[in-house]
Every structure is written in C-alpha cells, then in structure tokens.
C-alpha cells in the first residue's frame, strides 16, 4: 500500500479511531459532556481530514475500495448527519438520565460501516460495511431497553436484517457463479463480454435487491420501517433515516453505475416497479397516521421511491439528481427529528400528533422549523425539497420514464395532504399539551437551537440558490475514477 | 470409479438423507442431531476439495458452537409434539408447492448456465483451500477488510455488553 493510498484512507481511519477514543474515555470514567464534546470534535476532524486529502483523490485501494469524489461526497454527507444527530443526542439522553456513553461508540462504528459502503467497489467490502452498519444498529435501536417498544423494534430489525443479509450473500454468490468475480468493474467486463444478460445474473441481482430494498425500506420490504422508527430512540431513528440509507444507496448507485444497469431492461423494470410501489404505498399508508414518527417512516418509504426515479436514468444527471435529493432529504429529516427530540418529555417521545396541537402559540420557533421541514418534505417551492423533486423529475423525463414520473407527480399531491394536516394541527387554536421543564445544560440547548437554525437556513438556501450546491456536487463528481 | 468418486457419492447421499431426516423428524432434538450429520458430510466434501481449513472451521463453528446453541434453545423452550402448533394440510401443501417451485427455479438456472457445463471440481490437487494460501490472501490482498472485520467484532461486543448489562 502506498503512502497516497494511506492518505486517502485517513478520514476512515480517524473515524475508526474515534470509537476507540470514546471507549478509552469511558474507561477513564469521563462524563457525558466530555464524551459528547470529544465526539463532536472528532467528527469535525474527520471532515477536516476529508478536506485535507482531497488533493490525492481518486485513489484505488485494490481490490476492495476506491476513494473518489463520489465516495467523498457521500461520506461528507454521512459525517454531517452524524454531527447533527450527535448534537441532538445529548439533550435526548441527558433528559432520560440513562447512561448514554456507549451510545457514542456504537454511533461511530455504525458510521464507519456506512462510510465504507460509500467507497466500496467489491462485494466483500459491500458486505462487511453493511454488517458493520447493521450490527451496531441492532444495539442502538434497543438502546433504551426499559421501554417495551425498543426491544420489540430491536428484535424485529435484527431478525429481518439477518435474513436479508443471507439473501444478499446468496445473490452475490449467484453473480459470482456467473461472472467469476466479486469486483464491480470485473463483473461489468464479464457481463459485457457475454453480451446478453443471463438468467443467473438477473436472479442474483433480484435476490440482492431484497437486501438493498430492506435497508432502504422500499416496498415490499418496508414492513419494519414504521415499527423501528417508533420503537427506536428518536436520535437513532433519525440516524437510520439518514446515515444508514445514504450509505446503502451510495453503494447501490455505484454498483449499478459500474455495471451500466440502465441498459438492462429487465433490471430497470424491476427497479421502476419497486419505485412505483414504494411511492404509492408509502404515501397511502401515511394518510391516516396519527403518530409523527411512524408518519416520517412512511414518508421516507415514499421519498426513496422518488429517489429511485432519479436513479432510473443512470446517466450523470441521474447521479447529480440523486445526490442533490439525498442532501435535501437528509437536511429536512434531521430538522424534523430535531424538533421531535427537543420536544420529547422525559419518559417518552413526542410522537403523537395530538401533542403538537397549537404548538405555534406556545413555541413559535419550533413550530416554524417543523413547518419548514414538512413543507420541504412535501416539495413546496422555495424549499430544498422542491428543487430536489424538480431535479428528480427532470432526470426522469430526460429518460422518458413516463410511468414512474406520472406516479411521482400524483403521489406527491397525495403526500401534500398529510403534511398539510400536520401543519394545520400545529397552527390550530388550542392549548398545547407538551409540558417540559428545562433545567439542563443551557449550552447544549443553545447549540441544538443553533443547529436547527442552520438546518432551516440550509433548506431555504438550497431552495433559493440551488446552483451553488449543484456546482459543488458536479465538481466532486468530476473527481471520478 | 476411483476412491474419491466413491467417497463423493457416499458423502452426497449421506448429506441429502440426513438433510431430509432433519425435516421429517418429529422430535426437534433429533433434527439437530441429524443436522450435525449434515455438517460432517459437507465437511467431508470440503476435505475432498482439499480445503482442510474450511472443513475444520465448518466443524468447529457449525457442528460445535452453533449446534450447542441450538440444543440449548430447544431444551430451554421444552418443545415437544404437544406444544407444536398444528398446521392445516393446505398450509403444508402450499408450503411444499412454493418451496418446490423455488428449488426447481434455481436448479433450472444452474443447469441452463452455459459456463458450468463440462467443468469439474478440482479434487485433491486444488491449492486454493489450503491454510497457507488462505493466510497469504488474507494478509496481503484482503488486509483492510480483515481489519474492518475486527472492528465489526468490536461493535458486536459493545452491542452485546450494552444490551446485556445490569443497571
């Protein structure tokens, strides 16, 4: 391994070292605040390392990893999400007076798994990254084990994730049997040499889709989503909604790009069927939902359906649209979960919609942030969600994927109903039911509010001036291969 | 027919028969015991392919550790014919049909795959499964995933401690 390859891996090594540092801090009996601040600084260090090594990119670390602009972009997004989630976690766990210190180890290990997914170009690293991501998530979901729902959600996720891992391995084995390699590039070569797509490859891909669909909560593998979002602690739910999905989507996107699967009509049909089903059922299931966390779960199913429409073209526009959409989605969902976390009273989460009745008259700041986040999820102009959806539509229309595009438009309109329903609840004229004493560390409250303000400003900023972000994404994607 | 082939066919027959016995045994403990026989037969296949390391690991991990876990769970749950939920005949029928279709689906793909025709496995002379080759591959080409796998175990350990500790 050359010096430059080591350099390129530096951010990932810092990320791996971060969890060890936290373990040592726990061993030396440091408090929650010290661990939180150290964790925050370490994540900043990862981002700094990423910026520091940008000159040596792209680097291929044969045979498993490739650190290129694509990987750096997604890793940056992931680390950004972890920064925000970590910040919100402090208040959440401090109020529950549970011991939250091991939580940070697991969060960082899980992040490492997601980061490895973004730079993998081989089935081996794909699988190891995915396992690292999900094994830490099992423990994270069940972290507050005194709550009934937590254990149920943890077990549900464990059983289903283990099963889908088996599916993933089986699919990989079938593709290996067909092509004799686990390297994405070599698989692409062999498939091109063979000319037509074989039944064995299609079966393997279909079986792999089970695992990918499970991780991205796509229909028909979405059954866990609502229960896990509800049962998991709110910061963990936001972690699943952003980091875990971004990582898996990144590796899936790289795999399909490398193999030029957009030319394979059978695969495209499969993916568009999944996209259409996800858009329709995600939105319909959310319609009557009274629990905000479950509602966000269903809306995330629908959003990843939209994202697959951007994915269908498979050209550069599609990749840009997907990255842009994911960024906008991550910021939005973090803002929404941030509000849930800040409003949650000690013993349970503020997830029932009735708790938000008349929120505007009591806490106008939070109500406005939540409203902006919901408008962005619905795709209202001037917010990031609108530009994201517009970009996705452009990519879809360019490829003439009419059916998914039409379904996207119709289901977006359906989606508007339940987002507006929440907004009307927030502004309803009635006394608010969330009572919460604030005696904790004022500094972290200020930091969390500041984070929320930044997220909201980002939502508007991207919505009003998308060109800046799009230019940035394009510049990163140029450092490719 | 050489010794290797005789061994291969007898091990195959043993593996298949004991796998069927796993399914048809009424008593779950017998099922587990038959499963151990399956693992031994498959380990025999690995040895035929000159993959001694894989054979030993298969025995230690599956026949050793995992089967003991299985037995513990079955004993703790105290399963027997009375507590077994009775499924209707139609459930069984559709289960057989669905499973059989899936099996024939995969078998047909394997058979129709052109690459596999006329190829035979390397008996005895294969080098790939030797522990020396494996170690070289693991610590040269695959050293990064090896390290990542160790982090994976770290996360599993931390997770187990977090969930299992007393307050």
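Cβ from N, Cα, C; glycine included.
What TrEMBL says about this protein:
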DOMAIN    A:120-415  domain 'NADH:quinone oxidoreductase/Mrp antiporter transmembrane'
TRANSMEM  A:6-27  transmembrane segment
TRANSMEM  A:34-53  transmembrane segment
TRANSMEM  A:65-91  transmembrane segment
TRANSMEM  A:103-120  transmembrane segment
TRANSMEM  A:197-224  transmembrane segment
TRANSMEM  A:236-255  transmembrane segment
TRANSMEM  A:267-288  transmembrane segment
TRANSMEM  A:295-312  transmembrane segment
TRANSMEM  A:324-344  transmembrane segment
TRANSMEM  A:365-388  transmembrane segment
TRANSMEM  A:400-420  transmembrane segment
TRANSMEM  A:443-473  transmembrane segment
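Between the transmembrane segment (A:197-224) and the transmembrane segment (A:6-27) there are fewer than 3 Cβ pairs closer than 8 Å, counting only pairs 6 or more residues apart in sequence, which means the two stretches are not in contact. When Cβ distances are compared across the two stretches, the transmembrane segment (A:365-388) makes no contact with the transmembrane segment (A:34-53), since fewer than 3 pairs at least 6 residues apart fall below 8 angstroms. For the transmembrane segment (A:34-53), same-chain residues at least 6 beyond its ends with a Cβ under 8 Å from one of its own Cβ atoms are 7-8, 10-11, 14-15, 17-18, 21-22, 25-26, 67, 72, 75-76, 79-80, 82-83, 86-87, 89-90, 101, 104, 107-108, 444. Across A:267-288, A:324-344, A:400-420, the stretch most heavily in contact with the transmembrane segment (A:236-255), judged by Cβ pairs under 8 Å, is A:324-344. Under the criterion of 3 or more C-beta pairs below 8 Å, with sequence separation of 6 or more, the transmembrane segment (A:267-288) and the transmembrane segment (A:400-420) qualify as touching. Between the transmembrane segment (A:443-473) and the stretches A:6-27, A:324-344, A:400-420, it is A:324-344 that has the most C-beta pairs under 8 angstroms.
Beyond the transmembrane segment (A:324-344), the same-chain residues lying 6 or more positions past its ends with a Cβ under 8 Å from any Cβ of the stretch are 77, 80-81, 84-85, 88-89, 91-92, 95, 234-235, 237-238, 241-242, 246, 249, 292-293, 296, 300, 303, 306-307, 310, 350-351, 355, 359, 363, 366, 369-370, 372-374, 376-377, 383-385, 387-389, 391-392, 434, 436, 448, 451-452, 455-456, 458-459, 462, 466, 469-470, 473.
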